[in-house]
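Presented below is the structure to which this report refers.
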Amino acid sequence: MRDRTHELRQGDNISDDEDEVRVALVVHSGAARLSSPDDEFFQKVQTIRQTMAKLESKVRELEKQQVTILATPLPEESMKQGLQNLREEIKQLGREVRAQLKAIEPQKEEADENYNSVNTRMKKTQHGVLSQQFVELINKCNSMQSEYREKNVERIRRQLKITNAGMVSDEELEQMLDSGQSEVFVSNILKDTQVTRQALNEISARHSEIQQLERSIRELHEIFTFLATEVEMQGEMINRIEKNILSSADYVERGQEHVKIALENQKKARKKKVMIAICVSVTVLILAVIIGITITVG
């Protein structure tokens with residue numbers, strides 16, 4: 001899922017409805033608030049953000065542990081178990097976020113009845129933005145694990161080439177990996193190859209890791225597809241809202257510049273008035289003196 005945040009289209013006309021949403025939406029430090037916020041709704045939004053922050057942290061930790069295990073020829077069982085526990089935590093957090101997003105999703109009846117309500121449209125926007133962020137995070141995790149799987153397969157392939165001069169083709173390797181059972185996988189290798197015990201142990205360990213990975217990827221994919229279609233449908237609306245938010249910031253900045261210019265012009269006008277008043281006063285004084293002298297002489 002591509003990041004839409006940096007692909008805002010230029011030149012779109014901003015409708016009156018979107019102006020209302022733009023005015024109502026204030027983005028600050030990752031939070032969004034209505035001018036008259038629904039406390040319960042935004043408490044749920046805050047909870048979702050916190051859960052997603054935990055999920056993102058776990059995904060980063062998973063990436064680090066995968067790198068460590070890939071660099072270890074024969075990782076200890078505790079390392080593999082720790083990695084699997086981390087995957088389970090990620091799946092659990094993913095399910096929690098999915099349920100939380102479902103809880104704040106505006107019901108169709110409510111959305112239809114209050115379509116013109118800024119509050120309703122604000123909730124739909126919040127749900128859409130959070131859903132998009134969640135899908136992108138899950139997609140990143142899935143891609144990361146798929147890449148990790150390929151690296152494990154490559155390790156097995158290298159071991160087989162070293163011990164068997166490449167007698168096992170890539171197609172045969174994939175078929176053995178798809179057997180679903182480590183015992184079958186190992187026995188298939190032993191039939192036609194002379195593999196050292198250490199190499200066999202590593203191959204078996206990598207195959208077991210691949211099996212766990214594939215289960216995790218399938219389960220995460222189910223979470224991913226749950227929201228992906230909806231996010232794709234809402235993407236256009238989110239793009240417009242984001243564009244309007246950025247436009248609002250631009251409007252504010254330009255407004256501040258205009259105010260500054262107006263204040264400077266006001267100061268200049270005030271100075272001109274003072275100078276004119278002084279000139280008029282001096283002129284009146286001179287005229288008064290001239291008239292006074294004329295009367296005295298006469």
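Placement of Cβ uses the backbone N, Cα and C atoms for every residue, glycine included.
The model shown is predicted, which means the values in this text are computed figures rather than measured ones.
If you compare Ser117, Ser146, Ser216 in Swiss-Prot, the phosphoserine annotation sits on Ser117. Scan Swiss-Prot for phosphoserine across Ser35, Ser169, Ser182 and the hit is Ser35.
Non-local neighbours of the transmembrane segment (275-295) in the same chain are absent; no residue 6+ outside the stretch has a CB under 8 Å from one of its CB atoms.
Around the Cβ of Ile290 (site 'Required for neurite tip localization'), a 10 Å sphere holds 10 further Cβ atoms from the protein chains shown.
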